[in-house]
Every structure is written in structure tokens, then in C-alpha cells.
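Q: My questions all concern the structure below.
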Amino acid sequence: MIAVIKELWTYRELMTTLAWKEIVVRYKQAYLGIGIAVLKPLLLTVIFTMVRSFVGIDTGKIPYPVLTFAALLPWTFFQESAAASVNSVVANAGLIKKIYFPRVIFPLTAVLTKFVELSIYFFLLALFMIWYRMAPSAHAVWVPFLLVYTALVSLTISLVGAALNVYYRDVGQMLPVGINLLMYASPVIYPLSLVHKKLIVQQAAGDWSHLLYTLYTLNPLAGIIDTFQAVMLRGDPPDFQVLWPGFVATLLLLPLSYAIFRRAEAYFADVI
Amino acid sequence: MAIIEVEHLTKEYRLGQLTKVGDTFKGIAARLRGRKPPERKAFKALDDVTFSVEEGEVVGIIGPNGAGKSTLLKILCGVTRPSWGNCIVGGKVAPLIEVGAGLVGDLTGRENIYLNGTILGLGRKEITSALGQIIEFAELEEFIDTPIKRYSSGMKVRLGFSIATTLKSEILIMDEVLAVGDMAFQRKCFDRMENLIKTEGRTILLVSHNMRQVERLCSRIVLLNNGRVIEDGNPKKVCDLYFEQSSKKIMGEYNVSGGQARNLRMTGEVILHSLSLLNEEGEESDAMRSGYPMVIQAWFDCDRHIESPEVVFGFHTPDLIYIASMDSARLMNKPNFREGKNLVQCVIPELPLIPGIYGLRVGVLDRYRREMFYGESIKTFSVLPGDIPVSKTAALGFIDIKHEWHINTNSVSLNDDVTSDTATESLAR
């Protein structure tokens, strides 16, 4: 673990340069520039708000648009970074066939570049909060941890995905679709409190309720989104009951995903 | 201490398509049942290759297409792993496998220099300090802030070459990179390479099909064929061996009288029936001796009487650089060809070619200089050393010019036909 970080540290300059290249290339000939990046969570917020006006989702005292945008912020970051990261190895086939450096730099860089868009989402969130006259609480110190955690979750999926994608390009196409579906299993459109109410308070699934709730929180995004909303909007401390199942799962799966990637990487240049 | 050590290197590729998902599952199923999964045919790109490179050596790697040259370089850069064997590289490698690897079209030249530099493992400061030099060598001052997708291919190559050779790295690996750029830039690249070799003592591995360049630049050449090392050693010798092999491949089992042989142009009026070379003893041979007499002897078949034809014999190198032509046009009265067989002999009193492999071309023109028969590489022969001792430097070139040396003597006497007094004086001084 420490050896991995040490090796990556020696390549920090390469990673920053590659990340900078990615960002420059992404926005060089786009006249709307980085502005286009904000459209996605913003549009989704609008759509969800409209949908909510028909079905009615209880969000407590927090206005629905800001709550949902606060959910979409970590969610979009996760989704975009995982998608970019899965395709990063294949996208850099030219480099892979010609020059050697640890291949893990590609997915890692892909995730890093998404922090740029993330900072813009934060700017928008700030606008939302000013509009609704809300202020983040002192618990917001948890935010950096949450973001690193989100990046790690994204890597857990994308390392193994990127490696598989070299062999089977279907993975690069299918994974984003799968992640899209995962959104409905995450508290994006609805707050986690509704799930909690249904399963824990009302025991809707009978004896299975607690198990189902744990299963739900096994999705790291459930914990991430809920905690983000808690510390930024509700002024509550993180609910570790929600955080730990996903966190443990990530801690177990990330090394596995990395190991698979390392095993596959020796043959990237031959197969790609 | 060798900077590159390669031992029993073997690289196998599977032939055919990448496995389908179904095949993969079948393979997994077979493995689960404890059986071996169905194997696809393996292809050995490299087969038990062993050699080492000392620091400061310039090693050329030559061989026909598919010999394993690029695979070898890829393993040396760490891009791919060998199936078996070891490869130890003791230094920072700047790979130049196809110039322009890692150049990004949307970035400007300057941005690309930074990107490529970091990819080659350099810090920002080092790159900044070398920036001016790189731009100057690539002759891109005007265009350095233009995205390189707008560059011409020559400009890209110039930039790539300039980056890789300016930035310091102990080992430089080049795959067919000198074949690009205009003549002036090629010349410049060549000088830069010689400079790198002589003054900086960098270790260089060079793959090229340009035998002349490889032979000149390298201190050693490795010849690969079908993934094996065929020969490893003195550039001239290895190049000649390669030329010999290639010529044989080109010639195949060429039959002069066959008439349908390749690379021939003929009208049918005259056909080369047989061609032989006679050595100084008058014996037919494919090996001549430098500085000794030699006879080129050809039988031509004519379908009718041909008045005063012109016969041309010429020497060329295996890569078709024409060296000399012997032309019967210089005869005042050219004899006629009879219907049927005609014998033509061309006597060379002292063969001026230096040792190596050469080809022979033959042409026959009618008296209006219309081509009736022409063919190149009709015969390949070797020239062996004559009496003149062959030093290393003497091996460069093709021709052994007859000459004398006068060192520290005043006895230079020029022939009477030199009339200019000033020339005589300056030479005498």
C-alpha cells in the first residue's frame, strides 16, 4: 500500500502534466468551454424538481432543488470520473504501445481531472445555498474526506473496468449504463431519510428490513451522498451507521481491483 | 558493465483473433474441470535472443520485416513483457519508437515539449532549460505556439526527434526515425546522432532499413531474422550478410533463360541466355577479388540480325545504388548481332570494387538507342579482399581508387598533361 503510493509519488509530475493535457484538450476547441460541464447536474436538478412536483417527495425543511443538487454533486463526480477512468487506458493506446510508465497513472489521472468540474459544481452549490440563505456547518470539514473517498470508490470500479475494457470494449460501453442504473439505488432523487423511514421505522420488509437497509448502504454512494447533505445542508455530523458498510466494501475491493489491473497491465500493449 | 543485458529473450504471440467471450468462458470451464484450455497457435516474434550492449555503444538492429526488431525494442522500453527470458536495462530510456509517439494534436508545440518531456521522465525545470534548444533544432520558432495538428508531418517528426535527442537520457531507442524530414533535416539529424555518439557517449539502439545510415552510425550491428539473432558484430560484415540474404530472396530461383523472370524489360528481340563471371584464372565464379582481372561474359539469343547493338553492363549495390556502367557505345564500330547465339565479353583488367556484395545489371539497346533488353540484379556476386590490406576505414565506400602516397617527400611528379602552372605549384607545395 505504502509502496504503491511511493511509486505514484515519483510520477506526480507526469500525472499533473497528463491531467493538465486532458483538461486542455477537453476544452480547447469548445467555445462554451468548461461551462458545458455544469449543464448536466443543473439540468438533472431541474428535471427532478419537476418530477417531484407530481409525485411528492418529503425532504423535511430543506428545499428540494438544493437537496437534490447536493446529491448530484458527489454523484456526477463519481459517475463522470468512473466513466472517464474506464476508458482512459484504451484512449491512450498510442502512448501505451510506445512508452512505459505505470499504467495505473491513466485511470488515476482521469479521476483527478474530474476535480476541475467538481470545483465548478461547488461554485453552483454555493449559489444555490446563497439563494436559499443556507450556510454550511462546522461539520463541513468532512467534505475533503468525502471527496477522496468518492474518488476511491470510482477507482474501485474503474481500475478493474479499465483493465477489462482493454480486452473487451463492451465494458467501456456497458459500465456507464450500469452506473446510471445505480443512481436509482442511491439517494439522489429521494433523500436517504425516506429509505430509513420505510425500512427501519415502518419495518416495511418485515424481518428483512434491517438486512435490506444494510444492503442499501453497502452502496458507498448512499453514505457519501447522505453525509454530504448532512454536513453541508442539515448541519448534522456524519451518520457512521450509513457510512461504514460501503466504506468496508471499498476497502476490501479496491486492493482487489488494483491487483487485477496490475496483473492485466503487462499485456495491455499486446492486446490493445 | 553492460547497460543492457538480454538473455534468452522470447516473445510469443497468439495467432488469430482475440478470443471471443464464448471462447474465454469455454477456456475457463475447461480449466475448472482441470483440463487444459484449447490453445491457439503461437507465433514467436522473438526466439531465444541473447546479447548485451555496453555503455556508449551504438548498436544497429537490422533484419527483414517481421524479424522481431520492434518487438525487441518494445521489450527494452518495458512497453511489453517477454514470455520467457530476462531483460535488464540499467538506465533511463528515451524511446523514440516511431517519432511523435505521445504528441497530442490539440496541444501546441511548446505544450507538447512539456508533455513529452515529462513522459520521458524529466522535471519541468529541466525541460524549461532545454526548451530553446529544442525549438531551435526543430526549426519551429514560428510555429511553436500552433497546435501541432496543423503541423506538416515533417514538422511533427522534427519536433519529436528534437525532443528525444535534446533531453538527457542514458539510452536512446530509435525505430526508423531517420527516414523522415527533408534532406537538410536528415543531414542535421545524422550530424546530431554522430554528435550524441561521439561527444556525449550515449548508448543508442537504432532500427532502420536504411543500411547506409546504420552502417555508418553504428559500431555494431545485430541482424535478426524470424526472431533469432543471425549475426552480431562488425557493421560492414553484418550488412553484407543481410544484403546477400535479401538479394537471394529477391532473386529467388531466377532463371535467365526463363524469359518470364521478374523485374525485366524486354521486347523479345534479344534474350539474355546466360551470364557468367570469370575470375583472374578464367574460371567461372561468383566471388571476385578486388584489384584482380575479371570478365563478364554473356550469351545473347537474337531472333534476327541486329545491326550495331549497344551492350551495357553495370555494377550496383544490393540496394540499387548504381556504381558504374560499362557501355559498348564507346566502341567506334559496334559489331552486329547474328540471328541465334552471340557471345559478349567485357574484360575488366583490375576490378576497382572494394570487398562487399554487388549486383550486375545488363542492358541491350539497338542502334537508335531503343531498349531491347534490360534487367537489374541479374547476378549477385561478392568481391573478396585483394592484396591491399583492408583497414576499417577503407571499408567505407564502394570504389578502390588507384593512388599513391608521398609523405614528407618532394618527389611529386605530375604527368605532362597537367598544364596549369599554378595547380602544379600548389600541389608541389
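A Cβ is built for glycine as well, from the same backbone N, Cα and C atoms used for every other residue.
In TrEMBL, annotation is done automatically, which means it is predicted and not curated.
A quick note: this is a predicted structure, and the numbers were derived from the prediction, not measured.
Pulled these features from TrEMBL for this protein:
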TRANSMEM  A:30-50  transmembrane segment
DOMAIN    A:32-264  domain 'ABC transmembrane type-2'
TRANSMEM  A:104-130  transmembrane segment
TRANSMEM  A:142-168  transmembrane segment
TRANSMEM  A:174-192  transmembrane segment
TRANSMEM  A:213-231  transmembrane segment
TRANSMEM  A:243-261  transmembrane segment
Q: Which one of these stretches, A:104-130, A:142-168, A:174-192, A:243-261, has the most C-beta pairs shorter than 8 Å to the transmembrane segment (A:213-231)?
A: A:243-261
Q: Using a Cβ cut-off under 8 Å, which residues of the same chain at least 6 positions beyond either end of the transmembrane segment (A:30-50) come close to it?
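A: Counting only partners 6 or more residues beyond its ends, the transmembrane segment (A:30-50) has Cβ contacts under 8 Å with 64-65, 68-69, 72-73, 76, 116-117, 120-121, 124, 188-189.
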Q: For the transmembrane segment (A:243-261), give me same-chain residues lying six or more residues beyond its boundaries with a C-beta closer than 8 angstroms to one of its C-beta atoms, as numbers and ranges.
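A: Counting only partners 6 or more residues beyond its ends, the transmembrane segment (A:243-261) has Cβ contacts under 8 Å with 1, 4, 103-104, 107, 149, 152-153, 155-157, 159-160, 162-163, 214, 217-224, 227.
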